[in-house]
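What follows is one structure encoded as structure tokens, with my remarks underneath.
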Amino acid sequence: MAELDTFLFTSESVNEGHPDKLCDQISDAVLDACLAEDPDSKVACETCTKTNMVMVFGEITTKANVDYEKIVRDTCRGIGFVSNDVGLDADHCKVLVNIEQQSPDIAQGVHGHFTKRPEEIGAGDQGHMFGYATDETPEMMPLSHVLATKLGARLTEVRKNGTCPWLRPDGKTQVTVEYHNDNGAMVPIRVHTVLISTQHDETLSFVCLLPRHQVVMLVLIPLF
């Protein structure tokens, strides 16, 4: 097998306690709460967080009666942020909410869907996303992505079920897979590298921080 016929591809997955994921979940929860009471809600909600503080801001037009602070605290609590030791205490952290009505200019373009044809409805935001399906896994996703996601899910599972009580909510997994170019088909050959970065109890030694059998082996071995 020629050396140029192989290459490494890495995928990353963040746990539910990672700041990026935490903020996503809070914004999602706000959107869900608005849509539950008012399906015509227009929500542009952003969230940011730092040690023991969460801020929710943006532009929202809705008839729903939403308790934004309660949503923030409930989401943080459900993830496992329940004390200062883990960097955020859901019941005592500072929650800042700055929500305003949607800009009139944006509203004019997006609120006329009852009287406009679909092709005439404007967008309040724009973005270009791309994706693809692959037959290398049953999930139709790249193997590196599937493994990184499953490792992260397992890390959360052993934290919440008490198997690894020293784990904390924040974490990130990264998997590098070596692929072979088989006449244009990208065929996974082996797992090259597995990286787990996780928040943990600061009193533990390095040896205790290797969730090899509880996490890595239980996810990888059944696949090979």
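Just so you know, glycine gets a Cβ as well, placed from its N, Cα and C.
Unlike curated records, TrEMBL annotations are generated automatically.
Each residue in the domain 'S-adenosylmethionine synthetase N-terminal' (7-104) gets a DSSP state, and the totals come to 35 helix, 37 strand, 26 coil. Taken from TrEMBL, the feature domain 'S-adenosylmethionine synthetase N-terminal' covers 7-104.
If you average pLDDT over the domain 'S-adenosylmethionine synthetase central' (120-204) in this model, you get 84. What TrEMBL lists as domain 'S-adenosylmethionine synthetase central' is 120-204.
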The domain 'S-adenosylmethionine synthetase central' (120-204): DSSP-derived helix, strand, coil residue counts: 19 helix, 32 strand, 34 coil
